[in-house]
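Structure, as structure tokens:
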């Protein structure tokens, strides 16, 4: 019946069309079991996955194509071709080809290494073993050899190899349990059920081999929660939905075995469809450098044209007078043609304004910065032996420019571990500990735990610190015992006893597991259950309760109740749920206790704990029998059954007696609130994108201090239509911007108002704090083209943004929205396969190597084990990398303009003949030997501020976000400095030597001596300049700077020595030039004067700027120097306790419960032997569930009612903030620089 009813709900394939042959796209899939020949006609993908970019044959062409997308590489290739033309080249071809080949080779090796590890990872997955039914026998096959249509056997705790249609399992009624952590990050178990007709196949291999059913279904897609198809078998058709599918990446749990038929394999599985394509990511500095290279190339052409025109004029007016003196191979009859050749000659000579060594150095720096991340012991997680890993080397400086962080919740911010933290029983709180003076003591890892040795069935991992609760249990206080009895009875947990006393609880949500585990440790052990009974061990004694009814949880009720009969024959109703719901159903005599418990709940909520209220009721047997008759009638009705059942539940859940409340900690990862607070101070906006429900997301928001009671307002967007979403967004935006727009508009003139017409200018002016929370179905409308801008504007005006119930695709769409409309660097961080698309879309992807698998890590650019390491990755490594790269680039452009433009000035005095000032060897070695190592040392080791102060003052991160350290203006500044330096380097020696003579009266200079003087001045000037640019001196810096100077003089004297001339007379003809020049005092005076004139103006500018207009970095550096002299001081960052009056209203699950599944008995095995004697079901008891499948097909609850009361959440202001340090809190910066 259930299957027929399900069939009516699923539209038949009448709207589908056969597989399209015209465009090659699959529009519907046909799969026949155990028939590879038939399935191969459709050329479906095999089960091999591929995340790598290259193979042996495609590596060279694809990699070279990618590298020559860099404008500079293409530019140097053109120069190399020009240098091969002897008529225009005054430099040897090796001056360009050697550096070009070197940079291409280094980059290729790096790319090949990265791709090798991808290949290795793919191979590891593809060679996993799976049992495949082939020719009537189960055979071990590698995953990559599995094909669509194959039947696979899975065993407990195995990963699902492909997207399978569940055929049969070891559990009753074809049920199986899976963990979907790889897909959605959730560790709680999900239930899947096979069709009845296929579950009868069981484990009979011969019958499974004969199974020839054909599945016609939707084509491959990335929708994890939807599947639509039909099974044709034995002239019947059976509807298929997502509840019958096992997706690749899931893990089989609590199920001995199951068989499945492969529907989608390899890259066509839903897991891989969500991964997206591997994108080639480039930093903003890379893109800027491409632009700058084009500008420099334009500047180079302008210089070449200027000098070519000069050559044409000179040849026309002066040059022809020298034809009789110069031995020409062939006379140039046309001055214009001479100018044309000169143009190309100067293009070659002046090409060093963009040296190829720049790109080699950039790659070396990035590689070094990546190793610093890998070697950072403070980002090493010893508990899992997991270091931080930079999985790419091209994005390090981008880490210093992040403005938006998009974070998953489960497994990223939280550990997905619930801990029973505190409770209130009969007006008394338990969980805190006090010293002998009555003062509360902070609980740490070293605080001694309560001794549970009296209970042999305890969970040894459970920790509780308040011994007074155990004493109350031992004293047999009735209400305390009733409290834990309720926790042990009122739930839908399934126990598994692997050996005597070794209990494992499989809970629908971690909250339920935490509560049942707490009851277990305090002596009320949930041991076993059947559809009719629940067996507890109460203080060591077995007690069996008859389970009369389960009043299940849903989003509207926000509570769950059970009705049981104890061995004494008493009928009791136990209920737990949101305090706001249960308090309305209490007996009036509980008023005083309710107020006391409410105060305790406020205190628990203020610490970010999830709270539940507990109550019970004694039922009269006659009243219960009458109610059961009504329940039997309503449960068999066909009209409005859900509403009528709800009303009936409401009827019996009145007049409850309050027991107390529980407080559960959704255990955050260590340091999450502090990390979020610190990143917020760095002006980084953190958006949480989670698949969890609104209530869960809000609770984590409060726990992380992203949401606080002192916020002005929390806007909840929950509209179901585009119009509703538009109205809610507009209303939120108007409430935020109304007063701010008026204030800003009144203070600006008309021109500025026009200039700042965009809403984004108000982001900096809004002092009030707002939060935006948007549901998944509302987000789908908000991401439409006509609403996306309004969504983005409103979200950017809020301090906190939380998107809940979002799909993996929506996560990527939100990231793409910010990337497209905001000129900001985005970072996405997550730990599950549902985060992969988001991670690949963002500029930077970070994977948390947690318990939810490695999919996110494999797709990420950086990975580590804990969210708190993100603070160090950005504020220390990211900021340093950005600072180092920017300083490096500014210096590199400066020194190369200073080096190259000397030829430009010389051109005006050498008849524009393309004669070089320096000798050829100096041009070749200047960037490779003389100046390469000092700038590399600065780019690798320089620190403007040490790591301690980088973390202590997060505002230091701001310049990177504003791109202040290297931009077009900075580029023009450093190139202008280089041009001025080149002018001084040329004309001071030229003017000094114009009329000067030696001691013996001879002329002091010839062209080679002039070249040696300028070259020596240049090397000394750039060495002094890099010394001034270096903030953090190490032994390496000293060695490289002084060593480079020593190497320069050593090579200089060697090239002008007698010995080298005797070996290579044609290459080194100028014997003794260096010795003769540098022995003259006047030469050294010229070098000294040139150095002082080049350095002093910039030195004075920097000094005045630091004194008159100091930046935050200057102030912190001075403070750092003072601190170093005075000794270290304790960091003056305190955490502020969050006092919240908001209670979680968290009712232990946010989806339809498993109550009907339990009472139906479909998940229970018929016991072959039992240690317990279960009583017979009472005649009055009725099975509320008509069909578990019916229940699973119904909507999981109407969320609109659940969020209606939250829509206008007003947040109290003026909350007092305590100065006490709490385990969770946020930073407040109390010290100004």
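A Cβ is built for glycine as well, from the same backbone N, Cα and C atoms used for every other residue.
Curation does not apply to TrEMBL; its annotations are automatic.
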Checklist entry - Which of these ranges is annotated transmembrane segment in TrEMBL: 91-109, 110-128, 129-147? => result 91-109
Next on the checklist: Suppose you had to name the range TrEMBL annotates as transmembrane segment; which of 334-360, 361-387, 388-414 would you pick?
Outcome noted: 334-360
Checklist entry - Of the binding-site residues listed here (553, 610, 691, 805, 834), which is spatially closest to residue 410 (Mg(2+) binding site) when Cα positions are compared? => result 691
Next on the checklist: Quick check for me: are there 3+ Cβ pairs below 8 Å between the transmembrane segment (1040-1064) and the transmembrane segment (921-941), leaving out pairs under 6 residues apart?
Outcome noted: yes
Checklist entry - Out of 408, 553, 610, 691, 805, which of these recorded positions is nearest residue 835 (Mg(2+) binding site) by C-alpha distance? => result 408
Next on the checklist: With CB pairs under 8 Å as the measure, which of the listed stretches 292-314, 888-909, 971-990, 1084-1104 comes out on top against the transmembrane segment (921-941)?
Outcome noted: 888-909
Item to check | Rounded Cα-Cα span from residue 408 (active site, 4-aspartylphosphate intermediate) to residue 834 (ATP binding site), Å | outcome: 9
Item to check | Between residue 610 (ATP binding site) and residue 408 (active site, 4-aspartylphosphate intermediate), the C-alpha gap once rounded to whole angstrom | outcome: 20
Item to check | Stretch-level contact, the transmembrane segment (971-990) and the transmembrane segment (1084-1104), CB cutoff 8 A, at least 3 pairs | outcome: yes
Checklist entry - Pick from 410, 834: which of these binding-site residues has the biggest number of other Cβ atoms within 10 Å of its Cβ? => result 834
Checklist entry - From the Cα of residue 408 (active site, 4-aspartylphosphate intermediate) across to the Cα of residue 553 (ATP binding site), what is the distance in angstrom? => result 26
Next on the checklist: Same chain only, please: residues at least 6 beyond the ends of the transmembrane segment (334-360) with a C-beta under 8 Å from a C-beta of the stretch. Say none if there are none.
Outcome noted: 70, 72-73, 75-76, 79, 82-83, 85, 87-91, 96, 99-100, 102-103, 106-107, 293, 296-297, 299-301, 303-305, 307-309, 311-313, 315-316, 319, 892, 896-897, 899-901, 903-904, 907, 912-914, 916, 923, 926-928, 932
Next on the checklist: The record lists 408, 409, 410, 512, 553, 576, 610, 690, 691, 692, 805, 811, 834, 835 as binding ATP. What's the largest Cα to Cα distance among them, in Å, rounded to a whole number?
Outcome noted: 34
Checklist outcome for this item: Top of the binding-site residues 610, 805 by count of other CB atoms within 10 A is 610
